[in-house]
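K.L.:
Please see the structure below; I have some questions.
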Amino acid sequence: MKIIDRYILGKFLKTFFFTVLLSTAVSVVFDFSEKVQKLADTQLPASTIIKEYFIPFILFIDSTIWPIFILISVIFFTSRLAKNSEILSVLNAGVSFRRFLYPYILGGIIVSGIHLFANHFLIPYGEKSRIVFIANHLSDNKKKIRESNIQQMLTPESMIYIRTYRPSDTSAYDIQLEKIQNDRIVEIIKANKMEIVEAPFQWKLYDYSIRTFEGDRQHLEVHKNKYLDTTLYIKPGDFIQIDEFERTFTTFELYDQVQEQKLKGFSNVTSSWIEIHRRTADAVTSFILTILAVSISSRKVRGGLGLHLAAGLLIGALFILFSKFSITFANSAVVPPALGVWLPNIVFGFLTFIMFKMTQR
């Protein structure tokens, strides 16, 4: 690595992490001022609030606008290099623009790699505590718990109906289990009560009856004051609905969650697939915007830094707007989840290629 490469890479990383630090501080101050009363009402120790809410919040907010941090920071220091004619001097020395991009590409890979690792593994651990903390202490709606008239597929061949669920002791009442083969009900198990024995899938049914169907014949067994130990693919957590729950799983856990939902017969796992693709797409966005930022700001123009930053902010706003529309279409099943998440990167990747070619001239 040459001196000029180390110089540009150092500028890149220093400016980027300073931008992240400054923006994070502002975000924390605004969020704290907005929630200060609710946080005080929790009567929790400051250490608990910091650990369970603010540290995960910092990771969450940084990952959300990480690509915009890169866009602004690269434009900022590259525009200053162009203003001081440092880029022109490098190019006049016989260095091609493609070679000049080397430290930017390296910096983009470093930052995007951090973003990729954080999205897939680090941030979900923080989201587990942050989202639960919000549901328990900050959200007016609290957790949404299904407590009555519950119907759920356990597997493609079995269905459960529950009249009442009591979250205080994880017990359910008036239960009916149906087993299905070749689109016909072959067995119905009814019970007055069901309670968890061993998490996550071991349950005990009380006062139960078993009705089996063989052609036109039926067989009924009634077991009063007895219980049946059984395995049911439903767990207490399935009765709790928390917004953005997909963000609390690492990518491997989310894959397992998708397979579990499919096993239960749920075909609508779009939001989970969107989250899986988003984690990788966001990191790729960071790299694309790095190259785009260099292409925008490497020329010395009238208006200088201000014009470059204005162009960068406009592009950032357009990218966010486009991403929101695209993901909305994916959630609505208008386009496949993968296409909905990756379409902004495809479009802006093509725009970056055009800008790079124009700058190269």
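Glycine is no exception: its Cβ is also placed from the backbone N, Cα and C atoms.
Per TrEMBL, the features are:
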type	residues	note
TRANSMEM	12-32	transmembrane segment
TRANSMEM	53-81	transmembrane segment
TRANSMEM	101-123	transmembrane segment
TRANSMEM	305-327	transmembrane segment
TRANSMEM	339-356	transmembrane segment
K.L.:
Cβ pairs under 8 Å only, please: of the recorded stretches 12-32, 53-81, 101-123, 339-356, which one is richest in them relative to the transmembrane segment (305-327)?
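P.N.:
When the Cβ pairs under 8 Å are tallied, 53-81 comes out ahead.
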K.L.:
Same-chain Cβ contacts of the transmembrane segment (53-81) under 8 Å, 6 or more residues past its ends?
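P.N.:
Tertiary neighbours of the transmembrane segment (53-81) are 8, 11-12, 15-16, 18-20, 23-24, 27-28, 31-32, 39, 87, 104, 108, 111, 115, 118-119, 122-123, 126-127, 129-130, 133-134, 282, 285-286, 289-290, 292-294, 296-298, 304-305, 308-309, 311-313, 315-316, 319-320.
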